[in-house]
Amino acid sequence: MSHCCLVCIKRLVRLCTPTRRVWVLSLSSGPLFSPPVTQSPPTSPSATTAPTSSPPVLSSGPPPLFSSLSPPLSPSHLSSVKQVAISRALNGIGLALVSPAIQSLVADSTDDNNRGTAFGWLQLTGNLGSIIGGLLSVLIAPITFMGIPGWRISFHIVAIISIMVGVLVQLFANDPRFSDSNAKDRDLVKSKSFWLEVKDVVQEAKSVIKIPSFQIIVAQGVTGSFPWSALSFSAMWLELSGFSHEKTAFLVALFVIGSSFGGLFGGKMGDILSTRLPNSGRIILAQTSSASAIPLAAILLLALPNDPSSGAAHGLVLFIVGFCISWNAPATNNPIFAEIVPEKSRTSVYAMDRSFESILSSFAPPIVGILAQYVYGYKPVPTGSSESEEIATDRGNAASLAKALYTAIGVPMALCCLIYSFLYYTYPRDKERAKMEALIESEMQQIELDNSPTDEEFSQVRFSESGERFGQELDYELGNGVDLEDDEKILLYHQLTFSNSGK
């Protein structure tokens with residue numbers, strides 16, 4: 001399935017104008033983060049249910065990115081769970097298209113000295129946009145306009161904004177790696193068939209998967225993403241501790257704000273350390289961030305009292321936790337991905353990373369629920385209990401859920417910190433290999449540019465990148481055409497063409 005998604009991305013990316021990924025962004029532009037949803041905590045953390053009379057809960061999250069093109073599929077028109085499921089599936093397709101393209105575009109627009117800062121800004125603006133969007137959706141929800149409930153209007157607004165952003169991206173954004181100066185060179189390459197594109201993507205995916213540093217980052221990403229998925233229970237834990245809906249929303253917002261500014265800080269620090277310690281600076285920072293989560297989470301979940309009177313302390317610790325544990329992606333993972341693969345493979349490496357991490361980290365919430373209910377003694381409130389008994393039960397459940405959350409945060413973060421250690425051995429070699437491949441590819445492009453045919457000549461060469469060269473066709477007129485009799489050029493051409501196939 002991931003190969004099919006990559007093929008779709010590749011065809012959109014390769015067969016367009018110089019602003020190829022920009023066009024993909026304009027097609028599928030939309031929110032990158034789901035707005036927060038306020039709902040009452042379920043009776044059991046391992047069996048969350050939503051009332052059928054609550055359309056906002058059933059249709060929570062951003063609308064499908066194709067809603068602007070097909071309004072009947074937008075959640076603003078849906079009335080059943082099945083329709084919402086289809087809508088969310090389409091939304092997932094849109095996000096799968098746009099997220100890797102954005103990350104690849106950021107990587108291509110920066111260099112090794114400021115790439116972390118750029119990814120930090122991307123994280124900051126995305127999270128702040130999520131907070132603002134969630135706040136506006138809550139304010140709009142109770143309003144009715146022309147008989148349309150406010151929660152449906154919010155989906156229409158997002159669809160309109162998506163169209164506006166798509167138009168602006170198409171008009172003003174530019175892919176730095178595919179400028180107009182390279183248009184003539186690209187026009188010489190004939191578009192490939194769909195199945196040849198499939199083979200290319202499969203071959204490229206295999207070459208990326210074989211990179212040791214990629215394997216290590218994906219492995220740590222699975223464990224590192226686990227705590228973030230488990231934190232979906234944080235709002236429930238706060239409410240069981242006695243905080244009101246409003247205070248819970250405020251505390252969660254403090255955590256998101258902390259992680260937003262933490263991403264920017266981590267990205268900047270990663271750039272500074274990578275300048276002074278090129279082969280280890282980013283790794284040291286990632287291990288520091290991962291290790292800090294263990295004591296900070298213990299203070300938040302185990303040391304602070306489960307009581308609403310300590311709201312200020314909870315808010316401060318939540319902000320610090322969010323600030324300190326959000327450095328890995330902008331400071332280390334995303335910049336290293338851009339350094340260990342060729343430029344043409346950056347979209348693929350980000351897409352594959354998200355695929356592996358998202359699938360495996362999705363098991364975190366069920367595991368937290370199972371731990372809370374069957375290991376740490378979470379108990380539903382007995383029917384007919386008095387108010388004091390309900391409060392006492394909630395406080396006990398808050399303690400059980402806090403222990404489950406700490407288990408789901410502390411253990412994975414310790415493993416994440418340990419796995420990062422292997423990068424000290426693989427990252428320098430993979431970075432040098434990628435630089436060598438980039439140098440070879442640059443030499444190859446220069447040779448092709450020097451030997452490009454004139455208006456009276458035409459030369460066309462076709463290759464298969466599926467591991468073996470299966471065909472070559474040369475058509476040219478007599479004259480001062482491309483001289484392929486030069487042994488050195490032939491050897492260099494052969495080496496450059498297949499330099500990536502065996503990696």
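All residue numbers here begin at 1 and follow the chain in the order shown.
The backbone N, Cα and C atoms fix where each Cβ goes, and this holds for glycine too.
Sequence annotations record features per position, and here TrEMBL assigns domain 'Major facilitator superfamily (MFS) profile' to 1-431. The region 'Disordered' annotation in TrEMBL covers 35-61. Here TrEMBL flags 45-61 as compositional bias 'Low complexity'. Marked as transmembrane segment by TrEMBL: 118-141, 153-173, 248-267, 283-304, 316-337, 358-376, 404-427.
Ranked by the number of CB pairs under 8 Å to the transmembrane segment (153-173), the listed stretches 118-141, 248-267, 316-337, 404-427 are led by 118-141. On the 0 to 100 pLDDT scale, the model's mean across the domain 'Major facilitator superfamily (MFS) profile' (1-431) is 76.
For the transmembrane segment (404-427), same-chain residues at least 6 beyond its ends with a Cβ under 8 Å from one of its own Cβ atoms are 45, 212-213, 216-217, 219-220, 223-224, 226-227, 230-231, 233-234, 237, 279-280, 283, 286-287, 290-291, 293-294, 297-298, 301-302, 325, 328, 332, 336, 340, 364, 367-369, 371-372, 375-376, 378.
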